[in-house]
């Protein structure tokens, strides 16, 4: 029996995620959106690309959550996109209500699913999905670190003129301005970038990574979608194939890194059933302090949500 992935939100990120997953041919796909005909049209367009691109998964679009029943993975992309001058935090009031509604409708129909949250502000929205679903924390995870690390890797590769496939990076913390890229754990074929790039250039790359989403917004007038969708597809594949991938993701911490009861980006082992292990890496005092500052920013958002409900 083929696996099933439901993507809630057929906008740019959701539809592109469906495109990338279809190309991998590892699951049947359902696109759901409140806009009439939008998910149906995009699903049909993707289905018709199958004979050319060589995939044969079923792809359907619907305005009803009933179509998602029995999903192995639910991807939540629904929400208001960032607009020029808008921080992720500005999205809080609008998107918390959207994510709560989506989760309350989708989760009961797929009680064994893994939920991957994409909606911003990401770490705060993971809390909403966790509470609304009633799922264990291991089965509610946020896509952030894969994207942030991908941006870091891309910028390092550009700096050195090497293939990004040879660059491996680690980014911790909340998905936003307070994220914590770790140059010490970033390597090119095993060589730390601290041995390859001057400190001032590393800092510039770190700052560009932190502003990665904002840079796209300023250029496009809306949020990125190719790289976020590719990052989601990688996480979905890890779950469906039980790949035990070591990836950074927004994960519910219960004391790891000295952080309690909070979603923050850290390295995890991701496979069937969601988060199999939270990996604690050794941090310097400065890195740990930066991670805690990032976590505090997330906690402030969570507290703000409580005031809004």
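Just so it is clear, glycine is given a Cβ too, placed from its N, Cα and C backbone atoms.
Note that the coordinates shown come from a computational prediction; the quantities given were computed from them, not determined experimentally.
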Matching residue for the NAD(+) site, where Swiss-Prot names 9, 10, 11, 12, 13, 14, 33, 118, 119, 120 - out of 25, 95, 97: 95
Reduced DSSP assignment, residue 151 (substrate binding site): helix
For residue 13 (NAD(+) binding site), the three-state class that DSSP assigns: helix
For NAD(+), whose listed binding residues are 9, 10, 11, 12, 13, 14, 33, 95, 118, 119, 120, the greatest C-alpha pairwise distance in Å: 17
Number of other Cβ atoms within 10 Å of the Cβ of residue 120 (NAD(+) binding site) across all protein chains: 27
Largest tally of Cβ atoms lying within 10 Å of a Cβ, found at which of the recorded positions 151, 175: 175
